[in-house]
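Undergrad: Here's the feature list from TrEMBL:
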ACT_SITE  His117  active site, pros-phosphohistidine intermediate
BINDING   Lys11, Phe59, Arg87, Thr93, Arg104, Asn114  ATP binding site
DOMAIN    3-140  domain 'Nucleoside diphosphate kinase-like'
Amino acid sequence: MAGNRTFTMIKPDAFAAGNSGAILKMIEEAGFKIVALKATQLTSELAGKFYAVHKERPFYADLCKYMSSGPIIAAVLEKDNAVEDFRKLIGATDPSKAEEGTIRKIFAKSIEANAVHGSDSDENAEIEGNFYFSQFERVL
Ligand code: RTP
Ligand code: MG
């Protein structure tokens, strides 16, 4: 039976450092199937839309600038308990607080340039996947 889905981005810092392949390998080795994938670059406006939930936070302007600063990879991932298990795999937002062996502990540079995004709920995973992918751009 197919598991459920989450959405991820490999953020500009990790893409620029050439870590996309290593991160996707960790994701697959943790049991996630890649069911949609693309490389792209956000405008600051689109980054603002994606992270609109944070628009009152002090880091919002910096976040939009950073997320549009270079190419990223967007992907939809499938696994049982996908959202929660993926958040465990990536580790805490601040890499200095992330557990050993997590993607952010290994690859993140700072609390902002923290290598990967992971959806925080099933509902947001659906919204975020739809932000990037049409129905023809993902495995049914
Ligand atoms: P994400 O949404 O990207 O998976 O990250 P998250 O849930 O772990 O963290 P969230 O609170 O949703 O924050 C979104 C992203 O904003 C940047 N950030 N910067 N300078 C700061 O204090 C700060 N705090 C958050 C990070 O890139 C974070 O992942
Ligand atoms: Mg978040």
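Every residue gets a Cβ built from N, Cα and C, even glycine.
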Undergrad: Where does Arg87 (ATP binding site) sit in the DSSP three-state scheme?
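TA: Its secondary structure by DSSP: helix.
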Undergrad: Looking only at the domain 'Nucleoside diphosphate kinase-like' (3-140), report the model's average pLDDT.
TA: 97
Undergrad: For the ATP site as recorded (Lys11, Phe59, Arg87, Thr93, Arg104, Asn114), determine the largest distance between any two Cα atoms, in Å, rounded to the nearest integer.
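TA: Largest pairwise Cα separation, rounded: 21 Å.
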Undergrad: Thr93, Asn114: which of these binding-site residues has the sparsest Cβ neighbourhood within 10 Å?
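TA: Counting other Cβ atoms within 10 Å of each of the binding-site residues Thr93, Asn114, the minimum falls on Thr93.
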Undergrad: Quick check on the binding-site residues Lys11, Arg87: which one has the highest count of other Cβ atoms within 10 Å of its Cβ?
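TA: Of Lys11, Arg87, the one with the most crowded Cβ is Lys11.
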Undergrad: Of the residues in the domain 'Nucleoside diphosphate kinase-like' (3-140), how many are helix, strand and coil by DSSP?
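TA: The composition, in the requested order, is 64 helix, 26 strand, 48 coil.
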Undergrad: Under a threshold of 6 Å between Cβ and any atom of ligand 1, which of the binding-site residues Lys11, Arg87, Arg104 are retained?
TA: none
Undergrad: How many other Cβ atoms are found within 10 Å of the Cβ atom of the residue listed as 'active site, pros-phosphohistidine intermediate', counting all protein chains shown?
TA: 20
Undergrad: Lys11 (ATP binding site) to the residue listed as 'active site, pros-phosphohistidine intermediate': how many Å between their Cα atoms?
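TA: Computed Cα spacing between Lys11 (ATP binding site) and the residue listed as 'active site, pros-phosphohistidine intermediate' is 7 Å.
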